Amino acid sequence: MIEEEVLKIIKPTEEDKKGIEKVLEIIRERLNKLDFEVEGSFRKGTWLRQDTDIDVFVFYPKDVGKEYLERNALNDIINRIKDLDYTLAYAEHPYVIVNINNVEVDIVPALRVESGDKAITAVDRTPFHTKYVTSHLDERGKDEVRLLKRFMKGIGVYGAELKVQGFSGYATELLIIYYGNFRKVLEEASKWKHPIKIELTKPMKIFSEPLIIPDPVDPKRNVTAAVSLKNIATFSIAAKYYLKNPSIEFFFPSKKVEEKVKGDVLILRLNLDEKSSEDIVWGQIKRSVNKIERALKQYGFRVIDVQAWGDTNNITIAVQLESKNIGQYYLNIGPQYYSETIEDFIQKNDNIWVGEDGRLYSIKERKEYDAETIAKKNIVLKVKYNIESYWLQNKEDQQIMKFLRKTPTWLK
């Protein structure tokens, strides 16, 4: 059975666990006498082999407040691990990423609260998530979570960060707890029609998102609030097709795809000079993508697709048009002859005539008819960046090939 084959690949071995424990020993020595806990998928036993980020949370009394975490707590942690290979990262508040033996350890300051619904920062709920999941999943259930995570990774809908807008690890765990196993999740997801409500606990507020899973440890929060409708639809379609024709392609899609260039494709390569929070950068990138598409349509271009990909430092925006060539002039459709606005139209326009339909028309010059210029003007990044732009001529990297192909390999 395909699921058993996949599990052999993704389930960590005893050797893998020992390697992680060695890394954790180094961290434990550094954080000695602090109130800290290992959290995340490693602690819950739902982590994937060769895909390990360890989450270590350092807790401080809730009375010290959020500002304390950003300054004092962060400095306290840095002073203890400064001899290790570390970088600063940014979410709701800064945290530290330590790299030991190619294993990333996220060390996150948090506030110690009595229950998940008393959380002051988003990460304060984490130990309650861990407790809930470990008390509701047996060993087989953990393997079912692993299958669901790998399936979602394979089809590109895993990850709650703004760049992806997909399912978090916690969401996959709750789906398995609710439905029972991987296959049952797919069977139900294949029939989804939004709004979808999955209630392990009664919600404490009304949610408006397309997929609603109230958090069992904080029912005022929707665990899947960040999941986009596009990713819900993709998951539902993938579930339907996998159940019809199971294939390892869903879990590990082919990396090499070939596709010819259709239409005209503008490639914008952005290199960011400054480090910033991934969610902040990708919030601005997503706004840029929407703005570029709207602006091009307003100027008369027929837009096929606009997408972005990359990390926090190097980002590619691809713009696919039916054609990059557009006339310098365009037909401006005016009011009917009996309209009260005809004088205003005549005053503001040249080359005016009355059409056979009794409507006024004019010829107008476009303010801008170069797609590359329009696209560049509508990038709204607030950090400094360098840009390289060109029209695609030849087949390039696989991400561009995926953009051109559109159809995921698991679908066709």
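Glycine too: its Cβ is placed from the backbone N, Cα and C atoms.
Copied from Swiss-Prot, the annotated features are:
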- Ser41, Lys44, His129, Lys149, Tyr158: CTP binding site (BINDING)
- Ser41, Lys44, His129, Lys149, Tyr158: ATP binding site (BINDING)
- Asp53, Asp55, Asp106: Mg(2+) binding site (BINDING)
His129 (CTP binding site) CB neighbourhood, other CB atoms within 10 A: 24
Ser41 (CTP binding site), number of other Cβ atoms within 10 Å: 24
Distance, Lys149 (CTP binding site) to Asp53 (Mg(2+) binding site) (CA atoms, angstrom): 14
Lys149 (CTP binding site) to Asp106 (Mg(2+) binding site) - Cα separation in whole Å: 20
List of residues, in chain order, with Cβ under 8 A from that of Tyr158 (CTP binding site) and at least 6 apart: Lys149, Met152, Val164, Gly166, Phe167, Thr172
Cα separation, Asp106 (Mg(2+) binding site) to Ser41 (CTP binding site) (Å, whole number): 12
Position of peak Cβ density within 10 Å, selected from the binding-site residues Asp53, Asp55, Asp106: Asp55
Among Ser41, Lys44, His129, Lys149, Tyr158, the record's ATP binders - longest CA distance, Å: 18
Around the Cβ of Lys44 (CTP binding site), the count of other Cβ atoms that are within 10 Å: 21
Cα-to-Cα gap, Lys44 (CTP binding site) vs Asp106 (Mg(2+) binding site), nearest whole Å: 16
Nearest-integer angstrom distance between the alpha carbons (Cα) of His129 (CTP binding site) and Asp55 (Mg(2+) binding site): 13
Structural state of Tyr158 (CTP binding site), classified by DSSP into three states: strand
Where Ser41 (CTP binding site) sits in the secondary structure, as DSSP reduces it to three classes: helix
